[in-house]
Amino acid sequence: MASSLQNQGSITYLTQREAAEIDEILMGPLGFSVDQLMELAGLSVATSMAEVYKPSEYNRVLAICGPGNNGGDGLVAARHLYHFGYKPFVCYPKRTSKPLYSGLVTQLESLSIPFLSVDELPVDWSNDFDILVDAMFGFSFHGAPRPPFDNLIEKLVHLNNYKQRQQKSPVIVSVDIPSGWHVEEGDVNGEGIKPDMLVSLTAPKLCAKKFSGPHHFLGGRFVPPSIAEKYKLHLPPYPGTSMCVRIGKPPQIDISALRENYMSPDFLEEQVEADPIDQFRKWFDDAVAAGLKEPNAMALSTTGKDGKPSSRMVLLKSVDKDGFVWYTNYESRKARELSENSHASLLFYWDGLNRQVRVEGSVQKVSDDESEQYFHSRPRGSQIGAIVSKQSTIVPGRHVLHQLYKELEEKYSDGSLIPKPKHWGGYRLQPERFEFWQGQQSRLHDRCLLYLGNRRTGSRI
């Protein structure tokens, strides 16, 4: 789920003492256990990484885990990354016999995730890994790193030089604190790790102010109001059900470099249903089963007598052998254009499945009875909204709409029937042509063109 953006200046940053006190309160009077917090932290790290670095492009992940809680966070993150479709490797030089950590190792081994000793690590990490997770030391660490972690940190620092020379190099993700940094003062001598992503946990530590990489995320969605009030924490709200939220603005992106290398099963012509409506239903059911948001959302494109096309998103409300039905305002721009030119097209795009369907045909209004029946099946608030909304017209402001809505809400507060406005109803597109598209690697996409009457053509373009 996409993360919200927050102004970095409005966020609270913790001192080392405050961070330690909050952990003590969480694991003391508030009843959290270490393994609970570690699980939430590791999941936050994995989801933050998945927000930016897609497994289709950044698949090979090396998690370098220290002996403490920060290392545990890295182990948990590796497990989640495996289930997210990445190929994780783990370097865990200083194992502990504590049941919590040995249990995490067992979980990873059961997934056949390789553990690499320091000696087994490749000489040149830039060729073997796409992401390096720095989960060596957290905010409680003091002093200088000891072997083998000092050398591992140096390897990460050395990769910064690759970036400066614009050579291929894996991205570095640091968990809570870039290892080797001072918790409050940051990279004091300027010779430490310079991660591409920092995932702060619970709340950012003071050193995070010195982070200059492109991606700063906050994870650990478990801070109760009592702690937020006591420490006057100003933390960004987490969007929806997400376990992470971006801090600050995203980096400027070269739009021309944005691309996705699709990974999909082959869409073979012999697999296509003879009736294109049946094929559409099959794919639509797949989109619903995949839990995609609003799988019935479709782009409706129309053209009036002036020949100028216009598009907008509407919601499919039914589909059968007669066509595709949606409801709208009969006084809107799309309604005017359909009255001038009944030919239109629909486009469904299901990102999570790498699929899209184009449908072209002629459009006509559904019967008044059909519109009436659907109108009264809607929530009463939506019925009132249909009366209030004057699509494609200019209104003085939202306050006018809210006032009219409130008046109608009071008028029908007794539960009486809300009459369907004459300017509202349904349209049905009677399909003539379908194109089913499925993304494939290297832009060799699958396309199958179907016409009603079982005429079909298939192509890979």
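Quick reminder: no glycine exception, Cβ is built from N, Cα and C everywhere.
According to TrEMBL, the protein carries these features:
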{"type": "BINDING", "residues": "ASN69, ASN70, GLY71, GLY72, ASP73, GLY138, PHE139, SER140, PHE141, HIS142, GLY143, ALA144, ASP176", "note": "(6S)-NADPHX binding site"}
{"type": "BINDING", "residues": "ASN70, ASP134, SER179", "note": "K(+) binding site"}
{"type": "DOMAIN", "residues": "19-235", "note": "domain 'YjeF N-terminal'"}
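Sequence features, as recorded in TrEMBL, placed on the structure.
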{"residue": "ASN69", "record": "(6S)-NADPHX binding site", "Cβ neighbours (10 Å)": "23"}
{"residue": "ASN70", "record": "K(+) binding site", "Cβ neighbours (10 Å)": "25"}
{"residue": "GLY71", "record": "(6S)-NADPHX binding site", "Cβ neighbours (10 Å)": "27"}
{"residue": "ASP73", "record": "(6S)-NADPHX binding site", "Cβ neighbours (10 Å)": "32"}
{"residue": "ASP134", "record": "K(+) binding site", "Cβ neighbours (10 Å)": "28"}
{"residue": "PHE139", "record": "(6S)-NADPHX binding site", "Cβ neighbours (10 Å)": "25"}
{"residue": "PHE141", "record": "(6S)-NADPHX binding site", "Cβ neighbours (10 Å)": "20"}
{"residue": "GLY143", "record": "(6S)-NADPHX binding site", "Cβ neighbours (10 Å)": "6"}
{"residue": "ASP176", "record": "(6S)-NADPHX binding site", "Cβ neighbours (10 Å)": "29"}
{"residue": "SER179", "record": "K(+) binding site", "Cβ neighbours (10 Å)": "25"}
Neighbours of SER179 (K(+) binding site) among binding-site residues ASN69, ASP73, PHE139, PHE141 (C-alpha cutoff 10 angstroms), in sequence order, are PHE139, PHE141
Quick note, PHE141 ((6S)-NADPHX binding site) and ASP134 (K(+) binding site): C-alpha atoms separated, nearest Å, by 14
Across the domain 'YjeF N-terminal' (19-235), the model's average pLDDT, rounded to a whole number, is 93
Given the K(+) site ASN70, ASP134, SER179, its other Cβ neighbours within 8 Å of the Cβ centroid, in chain order, are ILE64, GLY66, GLY71, GLY74, ALA135, MET136, PHE137, GLY138, SER174, VAL175, ASP176, ILE177, PRO178
Quick note, ASP134 (K(+) binding site) and GLY71 ((6S)-NADPHX binding site): C-alpha atoms separated, nearest Å, by 9
Cα of ASN70 (K(+) binding site) to Cα of ASP176 ((6S)-NADPHX binding site), in Å and rounded, measures 8
Span of the recorded (6S)-NADPHX site, as the biggest CA-CA distance among ASN69, ASN70, GLY71, GLY72, ASP73, GLY138, PHE139, SER140, PHE141, HIS142, GLY143, ALA144, ASP176 in Å, is 21
